[in-house]
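Peer 1: Input: one structure, supplied below.
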């Protein structure tokens, strides 16, 4: 079947090349903002945090799909350190491995980093991002904290009354929907602890490819969640030249797909065959990723990816606690007195909610490429089973996103033998 798919993709590629009548030049690459030394340092720290947090979440049996923005998580830690005192503040910096940086360096550096890497215009991606800190109706946020958190982290603030829980949840979800232009209609159906502060990050991210998928190269296929469970999904296909590596020893493939303006790339790691991702996740470290990427070579690759929107909400509270953020979430120990002027507040939840859209859009493809000899026998990267993916900034090496797709939206198709 895969041989047939490969032949079909090659024929479609040639046919589509002939269909394009007028050559269209790709958009000029964007210009990356030069980061300061403190922002560069925090980019490195946030990447380390990305792998630590991902590994912690991957071990949670209750978690299927994972979708994290390490930049946004780092900003959440910065916000806690801004509003905290003593050990509560120092723990937040320690989780970010920023203990040796002055507070002002952390806040200005993180602010600069997020503004630069989430600049949708410069990067030609769609990234809608909002952060809001909800406090109990009995608590008032201090003016200095409101001003500083808005300046550095673009964080909004609001009181919320959970006496009417249904109305409170509706308010949170409506804000998230408005922030993402309706792409993320719901953050959560429930809040367990309602006597503390809720930090909510709501995001919508849509990569625009350096070379788009053609809209005709889309069809319905099966995605094997496990060997015995398959769901129906829409798949998109294209053949092009990509950085690619096949680790035959570890039985996995990597492909790097540049995004429009080539300031960032999407990297996908996938086992050769359907299997739980636990084996790959044990291999995945910052250093191992660097090693794999160093072995990549430009090759012709026929890529098939699921098409659609993946919506994921994580309450990061317990996972951050596992990395060392224990005081801020403890009602009896938290000192967030810079937030409210009193030691009367703790962090009850850290909601990290994202809608990530896999779509065909991007720069016009170069139709001349399909006449080249090197595209005659492409490698096949058929993502019809669970995989890990990362969106990486090519200048700083910082990760905009890290995640895994285990169960896309779709109805059960059949049981496999």
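Even glycines carry a Cβ here, placed using N, Cα and C.
Pulled these from Swiss-Prot:
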- 119: N-linked glycosylation site (CARBOHYD)
- 124: N-linked glycosylation site (CARBOHYD)
- 394: N-linked glycosylation site (CARBOHYD)
- 140: phosphoserine (MOD_RES)
- 414-417: motif 'Prevents secretion from ER' (MOTIF)
- 1-17: signal peptide (SIGNAL)
Peer 1: Say you check the Cα of the residue listed as 'phosphoserine' against those of the glycosylation sites 119, 124, 394; which is nearest?
Peer 2: 119
Peer 1: Whole-number Å only: compute the distance from the Cα of residue 394 (N-linked glycosylation site) to the Cα of residue 124 (N-linked glycosylation site).
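Peer 2: Computed Cα spacing between residue 394 (N-linked glycosylation site) and residue 124 (N-linked glycosylation site) is 14 Å.
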Peer 1: Just counting, how many other CB atoms are there within 10 A of the CB of residue 119 (N-linked glycosylation site)?
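Peer 2: The answer is 16 other Cβ atoms.
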Peer 1: What three-state class does DSSP give residue 140 (phosphoserine)?
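Peer 2: For residue 140 (phosphoserine) - judged by DSSP and reduced to three states - the answer is coil.
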Peer 1: Which of the listed recorded positions (124, 140) has the least company, meaning the fewest other Cβ atoms within 10 Å of its Cβ?
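Peer 2: Comparing Cβ neighbour counts within 10 Å for the recorded positions 124, 140 gives 140.
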